[in-house]
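In TrEMBL this protein carries:
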type     : residues : note
TRANSMEM : 20-40    : transmembrane segment
TRANSMEM : 60-79    : transmembrane segment
TRANSMEM : 91-115   : transmembrane segment
TRANSMEM : 127-144  : transmembrane segment
TRANSMEM : 164-183  : transmembrane segment
TRANSMEM : 189-207  : transmembrane segment
TRANSMEM : 227-250  : transmembrane segment
TRANSMEM : 270-295  : transmembrane segment
TRANSMEM : 316-340  : transmembrane segment
TRANSMEM : 346-365  : transmembrane segment
TRANSMEM : 404-425  : transmembrane segment
TRANSMEM : 437-456  : transmembrane segment
Amino acid sequence: MLFKFYKENGPIKELVSSSLWSIVGTIISKVLLFVIWIIVARLLSPGQYGEFSIIKSTTLMFADFVGFSFSIAATKYIAQYSLCDKRRVEKLIGLFLISSIVIGFVAFIMVYLSANWICSNFFKAEYLFGYLQCSSIVMLVSILNNSQLGILRGFNCYKEIAKINTIQVLLSFPIYILGTYFWGIRGAVWAYVFYNVVICFLSHYEIRKYCKINYIIPTYKGFYKELHIIVSYVFPYFLSMLLTVCSQWYNESRVVSLGNAGFVQLGYYSAVNVIQTMIVSVAIMVCSPFVPIMAKYRQNGENISGVEKLNMLLPLYMSLFIAIPLMLFPEVISLFYGVSYANDDMYVITVIVISYTVLIIYKQALARSVAVYEMQWIYLLDSILLAISFVFGFYYLFYLGIKGLVFTFLFSYIFSTLVFTPIYIHKKMLLIGIFKSVFLWQILLCAIIAGCSYFVLENIYYRVVLFIVMLLFVLYCIKIELRKYGFFKN
């Protein structure tokens, strides 16, 4: 029955085909990247890893909020016009590439020149300014590469993206390990720069190859006629990411202003953040085909309600199935990172960070729907509320250090979700039928119990029993859910 549904539903069929390549590329690249971060964290002390993390998050902060804006716009518009207006696609490629280069170069110069001021006033660690200057080039290449990957997604080149990500990690793996082993944080920073530069060249090569095969000639002539896309579509996303990421970075910089203890605390948080980033990245990569597919089929007037439901439910289920075991057994973190990270603070941070990771993935799914329905100004209001909650929440919880930071993030994401979910439903960007799924609420209940279990059940054996009970319950729920599709019928 599922196979028949797959064969008869064009959007679902294309989605499955595209997602398979995203899954392959994600599994290979993200697992290897996860191994890299674990080895780097073990080679550096928690304090050094905290220093490296604040350098990395500072440059990626600027790169991400600009790069995401260009990426999602490029994906939507290239997919929307790739089959019906080749000339416009050629101009759009020129628009996204030249705009990202210009903005990326401006961001690079600004951070390079202000590196000493940032390290002195925010990090209270002037000795880091050389590392920050070195890594500032990442902003230029990362913003450009986000546009390039967005263009490739718009062309449905997920096989090529999987190849790019795999080659990038394979080339960077020995450089990260050897650089960190012999030169410590300096080697890690240079490896981080190489990691971001190499993917930029790989993406550029794949775009040129695709355009040559399909007789597409990217042009910068007349690209300014499409600048309204930057103003009306990219700019709201830019502001949304700017507010969210900058407020998060500001709070992190307040933690490291505590001195060496702050860097150690940030090292703990960054170690957990690697796992969070991996979960979010897997969800984003697997679900990235949703935007071009929904945009293309909506442009053709076809029903996309099935894809819309999958856009929300698939990443939520994926994240919950990964998050529940981690929240039940946060001690597993020390198996990866070593005894330096085996303490109660680390375990509490792990439980809280993994808890709001599910909400981050929910908001990423909303961002894809917003992109298709072009309601980015509502998403901006959501981001404003989230950013205000970040800053004011941590103002009152600063005395708790890094624990106060992660609790602030958790409460802020919950508050923002409760306020704006009814608005998204009212604007028909979010199908209310999604929340009628009994299975979803059953899994959420398990997640809430798992999140509380570490604080209530100190004995790990009790949590093992709870995990077995949850596993049996979830398997039973899956069986009931599959009966709706004709399975397990007598």
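Note that Cβ sites are derived from N, Cα and C of the backbone, with glycine treated the same way.
Automated prediction, rather than curation, is the source of TrEMBL annotations.
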Tertiary contacts of the transmembrane segment (316-340) (same chain, 6+ residues out, Cβ under 8 Å):
38, 41-42, 45-46, 271-272, 275, 279-280, 282-283, 286, 346-348, 350-351, 354-355, 357-358, 361-362, 365, 440, 443-444, 446-447, 450-451, 453-454, 460, 463, 466-467, 470
Closest-packing stretch to the transmembrane segment (346-365), where packing means Cβ pairs under 8 Å, from 60-79, 91-115, 227-250, 404-425:
404-425
Residues of the same chain, at least six outside the transmembrane segment (437-456), with any C-beta under 8 angstroms of its C-beta?
313, 316-317, 320-321, 323-325, 327-328, 330, 347-348, 351, 354-355, 358, 463, 466, 470, 473-474, 477-478, 480-481
Cβ pairs under 8 Å only, please: of the recorded stretches 127-144, 227-250, 270-295, 404-425, which one is richest in them relative to the transmembrane segment (189-207)?
127-144
Spatial neighbours of the transmembrane segment (404-425) far in sequence, C-beta under 8 Å, 6+ residues away:
248, 251-252, 255, 269, 349, 352-353, 355-356, 359-360, 362-363, 366, 369, 378, 381-382, 385-386, 389-390, 393-394, 397-398, 431-432
Intrachain neighbours beyond the transmembrane segment (127-144), with Cβ under 8 angstroms and 6 or more residues off its ends:
51, 54-56, 58-60, 62-64, 66-67, 70, 97, 100-101, 103-105, 107-108, 111-112, 115-116, 118-120, 185-186, 189-190, 192-193, 196-197, 200
